Amino acid sequence: MMPFPVTTPGSRQTPPAPKHCGISSPISLAAPRETDCILTQKLIETLKPFGVLEEEEELQRRILILEKLNSLVKEWIREISESKSLPPAVIENVGGKIFTFGSYRLGVHTKGADIDALCVAPRHVDRSDFFTSFYDKLKLHEEVKDLRAVEEAFVPVIKLCFDGIEIDILFARLALQTIPEDLDLRDDSLLKNLDIRCIRSLNGCRVTDEILHLVPNIDNFRLTLRAIKLWAKCHNIYSNILGFLGGVSWAMLVARTCQLYPNAVASTLVRKFFLVFSEWEWPNPVLLKEPEERNLNLPVWDPRVNPSDRYHLMPIITPAYPQQNSTYNVSVSTRTVMIEEFKQGLAITHEILLSKAEWSKLFEAPSFFQKYKHYIVLLASAPTEKQHLEWVGLVESKIRILVGSLEKNEFITLAHVNPQSFPAPKENPDKEEFRTMWVIGLVLKKPENSEVLSIDLTYDIQSFTDTVYRQAINSKMFEMDMKIAAMHLRRKELHQLLPNHVLPKKKTQSTEDVRLTALNDSSLDLSADGGNSMSVPSPPSAANTGPVTGGNGHAPAVVAASGTNVQVIEVSSQQASPSDSPGGASSEGVPQTASQPALSPLPKPVITRVVSSTLLVNHPARPSGSAATNIANPIVGV
């Protein structure tokens, strides 16, 4: 018997379906028609070129690697037991086991994907043993490369590459003398007397196992989830850290769809997925089972008890105790973007059902860089590759804070961050520097009774950069020359920073009707037949400025002091919705530096930290927060 659950193509591990799964009765028990089966086969053929279906040879390789790792764990635990003078009878049966979770355990991993694993040990094996003697044992293994321990992480982990497969190993010590081979981690009594780090480590396996236990047909669930995950990645809405959904959240949405249509095949389930969640009345939670109380005094998601849970916009609740909301990062903008994508997916699958489109249309990526008229580009740089890797991880984890601030601006309707990052051009070609950028699309609200909109983003950018720098310093990660900056670009200016392959071909832009007026030595007014202004922080190396006035003689947008300059960029008053065509009629100016006497390409972006002493005037009042819609009955779902 395998020491861990695996999936082999063609195998059917589906138990007999219960009367119904989930917290409500199914919507339909209809059996699949012949056309549904044909569409499902076409879906499988469409998925193959995307590499989401692993070959049998590669799967067997993973199984072999996990068997070797499982043997190493058992051997290590026996050695620890002997060193702690346990009785021979106990040592003989002490056990220890590697469990898997995440995409591999769900059976939806892709080619080359990593494996999430959990090392479960008996009570006499400490976490310190895992990060010392087990780490040393792995170091001596010839097939192990790139070994590194992250002991201080929220969920401590050992990362390694075992025979070419990347593996993340968590650790949990149970209050048991031995670890039996048939241990079921879904047993809530295992959580008694455990420290919080062990509970967190167990959570991934417990949630994954519950999901598989709660779907009526595992094979149909897996194929549907493969399709939905690929669709989400193609449409740039697969990222928990940036406020979209991560793998476990997508799995729970697909599992709920399977519960509502227990006899449907994958082609039907994909269509019903879009139907259900394009019409879902958020913030009503998605639940796979009724929450249960275990009296273990662990915090669980419950808006009746926890006021902060009432602000969650798109709650998807994990089925294992302690129940948590897996989507607490979702913001107003990311939820809006995802719901719109659900509706588009429903329309496309309806066309597929009517034979008016092929499955490939569902996986066509939308043109993010044609969708909006205004963008904010965030740039992060560091002098070495190692520092850059850490710096980018920190900056990316905080971008949702900036999106949240932008959403509260009364003139910003939507702030859509693209989860894909891009290498940024070097500021100095002769200097060793590693740079990454992210792009946020903006939808602006046209002001009433005015042709001019002045938006001041200095406070938002400053708050974001201060947060990042503060955490970097507190965690002792910060190094000199780790920098961040933000800049505003229009759609037609993106080509000056982004790689050509991500942008559609464009017509040559005209510079007619663009006028340049120097307001003083350190700021510019760029206008295109009058319009809106957007204020963003500029380098502190520039001279101090007095009040900066937007075009048409309107009130100043910002006053900057203590070495912080502000650049005011005039933008067209003809605001574009996300569906606006790229070939708008208005001319769009190109930002310039004060030293440039004439129009020229966008200056190389300067990375800077906004100093904390920037003073804002005429700044619109900012709401303290936006609550989600009131939940009449917070534990309601369909």
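Backbone N, Cα and C atoms are what each Cβ position is placed from, and that goes for glycine too.
The model shown is predicted, which means the values in this text are computed figures rather than measured ones.
Here TrEMBL flags 524-547 (among others) as compositional bias 'Polar residues'.
Summarising the annotation, TrEMBL assigns compositional bias 'Low complexity' to 576-587.
Among the features that TrEMBL reports, compositional bias 'Polar residues' is placed at 589-598 (among others).
The domain 'Poly(A) polymerase nucleotidyltransferase' annotation in TrEMBL covers 22-215.
Mean pLDDT across the domain 'Poly(A) polymerase central' (220-364) comes to 95 in this model. According to TrEMBL, the domain 'Poly(A) polymerase central' annotation covers 220-364.
Taken from TrEMBL, the feature domain 'Poly(A) polymerase RNA-binding' covers 367-435.
Residues annotated as region 'Disordered' in TrEMBL: 1-20 (among others).
According to TrEMBL, the feature region 'Disordered' maps to 524-557 (among others).
The region 'Disordered' feature in TrEMBL is assigned to 571-601 (among others).
Here TrEMBL flags 619-638 (among others) as region 'Disordered'.
Note on the domain 'Poly(A) polymerase RNA-binding' (367-435): DSSP counts are 27 helix, 19 strand, 23 coil. Applying DSSP to the domain 'Poly(A) polymerase central' (220-364) sorts its residues as follows: 74 helix, 6 strand, 65 coil.
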